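Quick look at what TrEMBL lists:
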{"type": "DOMAIN", "residues": "A:2-106", "note": "domain 'HPt'"}
{"type": "DOMAIN", "residues": "A:280-538", "note": "domain 'Histidine kinase'"}
{"type": "DOMAIN", "residues": "A:540-674", "note": "domain 'CheW-like'"}
{"type": "MOD_RES", "residues": "A:H49", "note": "phosphohistidine"}
{"type": "REGION", "residues": "A:254-280", "note": "region 'Disordered'"}
Amino acid sequence: MSELDMSQYLGIFLDEAEEQLQQLDEAIVKLEQSPDDIELLNTIFRAAHTLKGSSASMGFNRLATLTHRMENVLDLLRQGKMAVNREIIDVLLASLDRLRLLKDGLAAGSGESGEIDDVVARLESVLAPQKAAGDAAEKGGGHNLTLDDIEENVIRAAQVKGFNPYEIQVRLEQGCQMKGARAYLVFNNLKDVGEIIKSIPHTQDLEAERFDDTFTLVLVSREDADTLANIVKSISEIQEVVVRPIRLAEDMEKTTRKAPAAGGGEGPISQAEGRGGENRITQTVRVDVQRLENLMNLVGELVIDRTRLAEVGNGLKARLGSEELLETLEEVSMHIGRITSDLQEEIMKARMFPIDQVFNRFPRMVRDLARKAGKEIDFIVEGRETELDRTVIEEIGDPLIHLLRNAIDHGIEDPAERLKAGKPRRGTVRLRAFHQENQIVITVEDDGAGMDPEKIKAKAVEKGLISREAAARLHPREALDLIFQPGFSTADKVTDVSGRGVGMDIVRAHLEKINGTIDIRTTPGKGTCFTIKLPLTLAINRSLLVQNGGQVYAFPLANVIEIISITPAEIQYVHRQQVVVVRGRVLPLVYLGHALGQARELPPGESYAVVIVGLAEKQIGFIVENLIGEQEIVIKSLGNFIGKIPGIAGATIMGDGSVALILDVRSLIDGLGVEANRELAS
Amino acid sequence: MANGTAAEVQLVVFQLAGETYGVDINYVQEIIRMQNITPIPRTPAFIEGVINLRGRIIPVIDLHKRFHLPQGEVTNNTRIMVVEMGRVTVGMIVDSVSEVLRLPVASIEPPPSMISGIDVAYLKGVGKWNERLIILLDLERVLQESEQRQLEQGMAAGVDGQ
């Protein structure tokens with residue numbers, strides 16, 4: 001691969017490598033705790049194997065060599081020829097650290113900086129006692145071909161397409177002079193008739209002539225065994241060729257799949273990962289998100305041009321009357337419109353991933369946390385298949401981890417306490433994801449002690465977050481909102497888990513960054529449920545478009561509760577704050593122009609449109625000059641130069657090519673310093 | 001000419017409040033006609049707003065306001081010069097874009113202490129070309145500073161002002 005080609009793939013490679021390193025990191029730590037988990041070992045092996053493969057194909061020799069050595073160690077563990085011990089874990093983690101160093105070097109453009117010899121030596125020393133035994137077994141000529149899941153999957157996929165898998169054993173003549181070259185010729189000739197998916201020993205060893213006389217290949221081909229044997233035999237200095245069809249025995253499959261379920265109950269997690277791996281090989285292509293973003297932009301342009309095309313058509317029609325050519329133009333422009341919408345939808349879909357990617361890691365985490373906290377917890381996960389945009393997936397992990405920790409640490413009571421309260425010993429934490437209209441809803445629910453608004457108020461007063469008087473005025477549901485204040489923690493004792501300084505304020509900030517909302521429902525003694533609502537995607541948002549001061553603005557529909565119309569006479573004042581009474585409830589009013597720092601005074605009018613927005617328990621009405629309607633908009637950032645503007649979440653391009661601003665309701669309200677209806681409602 | 005790159009700069013020359021300015025052509029992405037600009041609340045006055053440049057949202061600044069020069073009228077010749085520096089792409093409103101020319105580096109002098117009110121910090125120098133003076137902008141300064149200090153000032157003004 002030339003330099004030029006490689007740079008093209010470097011980004012993808014680095015992404016993948018990062019993913020695999022993370023997977024390895026997690027899995028190896030897990031392995032220390034459950035050393036007999038075969039499926040876990042398989043996962044680790046697969047990740048190392050994939051990393052090795054991609055490093056080698058990118059020409060990153062150090063990465064490839066190191067992962068190869070790791071793979072050797074892992075393979076022995078997997079086959080049960082060696083037991084997991086502290087030393088091995090240490091070496092594996094050390095290797096991992098080194099891999100990361102190499103990878104970071106590549107990312108920084110400084111090449112594979114860092115030596116690997118010392119780590120390789122450590123890995124070798126772990127291998128040494130086993131190697132002699134292993135070699136002996138191989139020399140015995142035993143039929144010991146083992147395939148990992150990935151290879152099996154490749155074979156299955158190939159079978160579907162009419163390829164047959166073969167195991168080809170090649171023995172070179174004794175004293176063959178150029179073993180590496182011979183092996184290369186075998187590879188090369190076989191490549192013309194099929195695909196080699198595995199070689200024992202590995203190709204690097206073959207090239208370096210690190211083998212005796214024999215090597216084994218796994219090949220998928222449409223040719224029959226005799227033809228393949230003849231192809232190999234046509235190369236000189238070949239002593240013997242044995243071609244055997246491979247049958248993926250059902251029982252063999254069962255052992256690999258059943259084992260983990262019996263082993264440690266890690267089944268669902270790891271199997272899901274296995275499935276992901278299979279998909280990647282057979283059906284999916286990895287695409288840079290930036291690419292998709294660019295595609296999306298291009299489609300956006302098409303949409304705009306489509307509109308302009310239609311306008312040109314109309315203009316011509318007005319001037320020239322009805323003509324055949326114009327009708328064609330109309331047809332074409334309609335067709336382009338349809339295609340554009342379809343394109344847009346397809347690209348959006350291409351960015352969707354099942355949320356399982358995030359949920360995957362939770363069962364283990366919950367178990368560990370529960371054990372640490374001395375609690376007994378059933379963890380139920382629902383809606384793993386719910387799909388959402390990749391950008392959202394990336395952001396949702398941390399908030400969920402925190403909510404789960406909270407549920408385990410503060411929500412669920414000790415077993416003894418639960419029994420005393422007449423509840424079952426084991427608590428339940430339920431994580432659920434589902435679609436609701438244009439949103440994803442994720443709930444984290446526990447049947448624990450629930451939260452007491454009075455206690456929360458007391459805590460907030462104690463921490464100086466709110467005055468005693470203000471606390472007394474708070475509605476119980478507003479009191480719950482206090483836990484989102486920076487510096488608040490309901491923990492009476494600082495535990496290992498909660499004492500890390502990540503508070504609910506961070507959770508909310510995280511969620512708002514991706515246009516999400518979070519709500520709490522709680523019943524003291526019965527449990528707590530956090531409900532997160534997220535847009536399906538960060539890129540597209542359903543919005544309410546309004547017009548104000550000659551400009552178009554978009555309210556994210558997630559924030560809009562209702563739209564009402566009021567007359568100037570209905571506007572009243574409380575503490576110099578404009579309010580209106582809606583169905584008996586006092587609602588603060590703000591003129592949008594004022595909120596945006598433009599005009600302070602309302603333009604004269606007989607009636608005003610009011611957009612009522614809600615943030616948790618706060619509600620506020622924005623007076624706008626004109627309502628335009630609902631529309632799906634593509635969210636774009638204002639860029640680095642302008643940066644973050646309070647009240648503005650971004651911009652979008654309208655059908656006519658003009659730019660409209662998207663409002664950030666929370667910061668808009670915060671900027672006003674309006675106490676919303678907290679004070680007024682009481 | 002081939003090895004002239006070191007000895008000369010290639011400039012896009014434009015007019016601003018009756019004066020002639022130049023920026024390095026390497027930064028100039030394109031030059032477009034004046035178009036509808038969407039104002040952004042709570043930004044400094046010199047930020048006119050944003051435009052849609054083929055699907056990208058690009059901020060547009062008015063160089064008159066940026067340099068505190070007398071405001072010109074928008075005419076048929078008014079252009080938005082889209083410049084790109086690092087991660088920042090910005091449109092700059094100028095009165096007109098006249099030409100592209102090569103200027104020997106040797107003919108560029110350091111900026112005099114004061115040029116008709118425009119802050120010397122934004123200048124790279126003054127080039128002489130056929131008896132004409134061309135003011136060379138230090139684009140990096142123009143864009144960098146506006147990103148930080150000016151924006152904060154503007155925001156403060158936007159909150160308590162008006």
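Glycine is treated like the rest: Cβ placed from N, Cα and C.
Same-chain residues at least 6 positions away in sequence with a Cβ under 8 Å from that of A:H49 (phosphohistidine) are, in sequence order, A:T67, A:E71, A:D148, A:I150. Taking DSSP states H, G and I as helix and E and B as strand, the domain 'HPt' (A:2-106) has 91 helix, 0 strand, 14 coil. DSSP places the residues of the domain 'CheW-like' (A:540-674) in helix, strand and coil in these numbers: 22 helix, 75 strand, 38 coil.
Across the residues of the domain 'Histidine kinase' (A:280-538), the predicted structure has a mean pLDDT of 81.
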